[in-house]
Amino acid sequence: MHSIEKLDTEAQTQPHVHTAVTEASRHQPAGRHGLGIERTLSRRETPAATRLPTEFKTVSIHVETRTSVDAGKAGTARRVAVKDLISLDWHKISVDEAFQRLGVSPKTGLETVQAQRRLQVNGKNVISPPKSNTLRKVLEWVLGGFGSLLLAASIVCFIAWKPLGEPNPQASNLALAVVLLIVLLIQAIFNAWQDFSTSKVMSSIKGMLPSDVQALRDSHQAKVAAAELVTGDLVYISMGEKIPADLKLLEASGDLQFDRSILTGESEPIVGRLEMTDENFLETRNIALQGTHCIGGSGIGLVIQTGDRTVFGRIAKLSSMEPTRLTTLQREILRFVAIIASLATIVAVIIVILWAAWLRRSFPNYINVPTLLIDVVSVMVAFIPEGLPVAVTLSLAKLANTLSKHKVLCKSLSIVETLGSVNVLCSDKTGTLTQNIMHVENIAIFDSVFEPEELRSRISTSDADVKASLAQVGAVAAICNAAKYDDGPTSNEPVIIGDATDAAALRFSEFMTPVKTTRQAWREVYRMSFNSKRKFMLMVSELSSPSPELIPPLTRWDHLSPSFFLLTVKGAPDVLLSRCSSIVSPKGGTPIPITSAVRDRILAVQERWARGGQRVLLLARRIVNEDEMPKNIDRHSDEFASLVEEWNDDLSIVGLIGLIDPLKPDIKHTVSVCRGAGIRFFIVTGDHPTTAVAIAGHAGIITNTSLVHHVSDLDPDLSDEKLRHLSPESDEHPLKSIVLTGSELIRLNPTQMEQLCKYEEIVFARTTPEQKLRIVNEFKGRGNVVAVTGDGVNDAPSLKAADCGIAMGQGSDVAKEAADMILLEDFSAIVIALEYGRLVFDNLKKTVLYLLPAGSFSELMPIVLNILIGVPQMLSNIQMIIICVATDVLPALSLCLEQPESGLLLRKPRDIKNDRLADWRLLLHAYGFLGVIESLCAMSMSFWYLQRNGVPFSNLALGFGNWPGLDNELYFRAQSVYFFTLVIMQWGNLFATRGRKLSILQHTPASNWYVFPAASMALCIGIFFCYVPWFQKVFQTRPIPVEHFFIPVTFGIAILILDEMRKIVVRKYPKCIIGWLAW
């Protein structure tokens, strides 16, 4: 114990210096170190000199190229970091030396006390966040959005006050400048808060996602948080996992591969080796780098660097932050704002031209330069709905928060906007539609079908030969299996580590004969793990020790040499059957040769099970005697791997097993809702076509499994004219349901592919990752918005390529890394995500529609009339700002909280090319309907007030500053009348805009009580600014007669009634002119 503690202390304090080792020790095989499992074999490493020079670009080249242009302290720091990377020597030293350097026992792993001590000294295994540029952030907060415009407008107002306003500077200009600065400050504070909130949400992603690894601690394989790993930990690597730290490989299966594209940008997989393949730490293949993904095989690695000391951590420090890209919704909002700003600029330029060419000459005392500048500012303030960015940001933040409560994690807000427009959903089957909790339902020995209990009973009561034949399937299921029982001290009941298929096969084998007994008799020599391309797993084994008795799956009719290998294989029947030459007889004795008749009987069993939704696996074996093995061959070499490929033939089938993976309870409802929402729901799976169609039928993805088309129904010579008229509803060529395999997919010509993409229900079976990626791209290329769900490594490319990649919370790290959204619990949460994705777009349209009539059009009209017909400007500049950033904001935000209208998931997905956030229909409704009504009513009320007080409209029209009887007090009160008329009429706009097509009686305000306090607060804010004496003096606001609070209410009710009448026409006659114009 003392020696271990001493080594532990040395491991904590010892610097990473170069260790002088001989060339022999550098290339010395690692040997077996008692890690609890036998080391599987890697292929022989190719000498560095003979490797292709362009095999992959190293990270060091990238870094060195970048440092060449750096200067000063930053350049020095980069050069030091690069030198540090190149000088690492973990890949050069032997495994024994690595164990000694890190003070860890290969048999027991680290003790908990050791690990805790190292964690305290070296810190957690996390990458430190980059330092933030405070000055840059502050500038973004202040000048972001409309900030730069507000600042420029404020400066213009200050200039209009002084010096241009001297000798009689207008206090109102100063007040306007100060108000604009206050608005700018409020926006900056809001932006800062939003930035903080977003950072907080995004930083919580790591906490919400599973980030545990399997490590050897205290002699047991245990689950350890990735952040708690320390140097010296022994980590188990499995396909689909992200490498949690820099590891020195100790064990590697023959097909262990890593995707280093996150570091190098190269997509070519890197094969894991046990020995150094390159002097450069970044190029050698006996090191697994943090942040990369295991995309094939399995292995064990020794943690040599954690956190910021890993290659990934060092490069993160060297790399600058990438600039944030605008999302599609942000670009669309900017497009809308740019249109509005352009219109405002055009109007402002027209006003300046009119002033210079006409007013300045004809009415020289009407508008001076300071007043002109204020008018230009007023046009900008009037045109632009300043409350829109706040509403948009809060709407998205609210949506992300709502989805997180439903265990739907959006990795970026950009995905929110995409959800509402998804019209094609490609779903994986296993683990997504099904529970991924498989069990063996049936076993077939030749074509004799047994249930597990029946097979075990038959074995126990049969004679020796029959028993030997029947017992083989259970033995092969245990040997050719990547799953294993967790023997940790906390296991109260057997827990299996491995994928669902292997776990089911292992439970079946355990039911027949204890797995431990079977596996102890055999030692693993070579493993080829299952993947979606290969579709089978292969294992080469040898006896652990000589035995006088025949150990299953060996039989008396096997011709065994003194030294032999047992090759076992488990996988898809349609892939392996062609490699088999015989099949075990359920009656015992010599296996039966496979003839055409025998093959048909085997396929009949597979087809019958597949139609019932069972996944069918074929288990086979072969004895490889010593005369088939070259002498002195290195079992780690590529030659041995090639030899195994040759041996994987002339197999003897020991049985078929049928596995059932039940559908998740809510899948039928989820599929039904998605299809009702106009989304085509496809299955893309690696399963047999018949099995996939059966599952699709149970889930409601295929309506009628007896009327499913196949590839033969796709006409390769169909004319373009007929192709254009094809659809699922076509009577001549109804394209309803079809199933085809990946191999059939790649043989389709363009005409057939065009036909395929028009089908309503599609099952893609036996697909590879490349074929799944092609499916996504084919549908995207035809204008569809594609979502993809998946949880495995093979799903990652298509998840990344899709418009919306959706990973399962219990899926692989690779899938979650590639996805845009993660369903942490139930797949049914996708319905909520789809609904809220559509809802956010609907609510933003409502928000825009609410803001434009009063916050844009009705503010512009007083300025236009003031210039064109010379009447007083009936709404002051400060009152415009109060409407935009005060009275209208809370009601606009209440619209962001609207609940979905009934029928939201019964209409087709929006067309992203035509259904814009603010299209011409919405602008027509906002300006031509609501805006005109509000402007006319507000203008009439203000002029009526003046007429009642002795100033008729005839005294104002064409007055151009000469307005008999109009004093400042009367003028200010008339402006306040216009202001309150707009504020109160917006109530009618608010309640009318809540529903796009539904009546207020159908979509009642009770579904969103926020609208009532929001509307009340809008009026209270207006009263506050107009009735507080200080604001009356500074902002030139005034109280108004009581009747001007009640008359606008009738106008608001009129707006609501007129819009209700419009909605009735739209609902009853959707194809009429009013229906066509409906927003």
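Note that Cβ sites are derived from N, Cα and C of the backbone, with glycine treated the same way.
TrEMBL lists 89-162 with the feature domain 'Cation-transporting P-type ATPase N-terminal'. Mean pLDDT for the domain 'Cation-transporting P-type ATPase N-terminal' (89-162) in this predicted model: 85.
If you look up TrEMBL, you'll see 1-50 marked as region 'Disordered'.
If you look up TrEMBL, you'll see 138-161 (among others) marked as transmembrane segment.
Annotation source TrEMBL lists transmembrane segment at 173-193 (among others).
Summarising the annotation, TrEMBL assigns transmembrane segment to 333-356 (among others).
Residues or ranges marked as transmembrane segment by TrEMBL: 848-871 (among others).
The feature transmembrane segment is assigned by TrEMBL to 918-946 (among others). Sequence-distant neighbours of the transmembrane segment (918-946) (same chain, 6+ residues past either end, Cβ-Cβ under 8 Å): 336, 339, 845, 848-849, 852-854, 856-858, 861-862, 865, 874-875, 952-953, 956, 966, 970, 973-975, 977-978, 981-982, 985-986, 989, 1040-1041, 1044, 1047-1048, 1051, 1054-1055, 1058, 1077-1079.
Taken from TrEMBL, the feature transmembrane segment covers 970-988 (among others).
The transmembrane segment annotation in TrEMBL covers 1009-1030 (among others). Beyond the transmembrane segment (1009-1030), the same-chain residues lying 6 or more positions past its ends with a Cβ under 8 Å from any Cβ of the stretch are 882, 886-888, 890-891, 893-895, 897, 976, 979-980, 983-984, 986-987, 990-991, 994, 1037-1040.
Residues annotated as transmembrane segment in TrEMBL: 1042-1058 (among others).
DSSP places the residues of the domain 'Cation-transporting P-type ATPase N-terminal' (89-162) in helix, strand and coil in these numbers: 44 helix, 3 strand, 27 coil.
1042-1058 is the stretch from 138-161, 333-356, 848-871, 1042-1058 with the greatest number of Cβ pairs below 8 Å to the transmembrane segment (970-988). Put simply, of 138-161, 333-356, 1042-1058, the stretch with the most CB pairs closer than 8 A to the transmembrane segment (848-871) is 333-356. Within the chain, the transmembrane segment (1042-1058) has long-range Cβ neighbours (under 8 A, six or more residues past its boundaries) at 930, 933-934, 937, 941, 945, 977, 980-981, 983-989, 991-992, 1000.
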